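Per Swiss-Prot, active site, proton donor is recorded for Cys74, and the stated evidence type is sequence analysis. Positions annotated as active site, proton acceptor by Swiss-Prot, on the basis of sequence analysis: Cys213. The substrate binding site annotation in Swiss-Prot covers Asn13, Gln47, Asn65, Gly75, Asn76, Asn153, Asn186, Glu204, Arg205, Gly214, Thr215.
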Amino acid sequence: MLIDFIKMHGLGNDFVVFDARKGPSLALSGSQAAAIADRRTGVGCDQLIVLEPSTVADAFMRIYNPDGSESGACGNATRCVADLLHRDGIAAPCMETVAGLLLAEINGNGICIDMGQPGLGWRDVPLAREMDTLFLPLEAPGLKMPAACSMGNPHATFFVADLAELDIPVTGPLLERHPLFPERANIGHAQMLSRSHIRLRVWERGAGLTLACGTGACATLVNAVRRGLAEREAVVELDGGQLLIHWREQDGHVLMTGPAATVFHGRIALESITG
């Protein structure tokens, strides 16, 4: 059986999107998702997205990491899905995830997603025990005392003087799986270029070092503001490009604005890849 998919990306953070809103349902196992995400023997992606019908939104987004685990949120994928829905004739797409509803606005600056309010408490992240999320007792070579929050998924942000001095492929997997994070964590590495310009690299939970991480950019601005390092609106520069992040003061919602692109449409014989 051939299944249609769309290959999309947001700042190089790439996705395989299956649209099962109107056709047959698509229930993937973790091993199937991992096989599709494999860049050598599958289609290849940072995350796999299955769109399902929703009773409260235009679509339900099920998000798989390349290791087959599920994620509660992905900012870049949400922009891609919003673009897809917008091209289907939906003016202001609304996406449902396990972390809640996400609203989109398409304008001349790109696709703006209301990512909702960050979770700032230790249970929100979550952490293994009660502590101040602004300064975690966590260290690695060149890294110490990150701030943590949740953007629908757990994030820890280290603020550093020079990103070039870090060995993220070595420290990233160790920090991601640190016992302090019972659900693992996305590990951000942020260099403050100014109060309105942040350079960021993210080791993503279940995906590794990616070209861009939308929720990571949101979490980094939130943590930078909490530390008194940034204004409430800033450009976050990732390896794949820039996002504009605004932590709105009146309601505490985080707004993320950036691009999305469709690369190609394809068909996959699921049984031939996953055996």
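Even glycines carry a Cβ here, placed using N, Cα and C.
Farthest C-alpha pair in the substrate-binding residues Asn13, Gln47, Asn65, Gly75, Asn76, Asn153, Asn186, Glu204, Arg205, Gly214, Thr215: 17 Å apart.
Most Cβ neighbours within 10 Å, among the recorded positions Asn65, Cys74, Asn76, Cys213: Cys213 holds that distinction in the structure as shown.
Of all Cβ atoms in the protein chains displayed, 31 besides its own lie within 10 Å of the Cβ of Asn13 (substrate binding site). For the binding-site residues listed here (Asn186, Thr215), the lowest count of other CB atoms within 10 A around the CB belongs to Asn186. In sequence order, Asp46, Ser71, Ala73, Cys74, Ala77, Val202, Ala207, Thr210, Cys213, Gly216 are the same-chain residues whose CB sits within 8 A of the CB centroid of Asn13, Gln47, Asn65, Gly75, Asn76, Asn153, Asn186, Glu204, Arg205, Gly214, Thr215, the residues recorded for substrate being left out. Here the residue listed as 'active site, proton acceptor' is positioned 7 angstrom away from Asn76 (substrate binding site), judged by their C-alpha atoms.
Candidate binding-site residues: Asn13, Asn65, Asn186, Thr215. Nearest to the residue listed as 'active site, proton donor' by Cα distance: Thr215.
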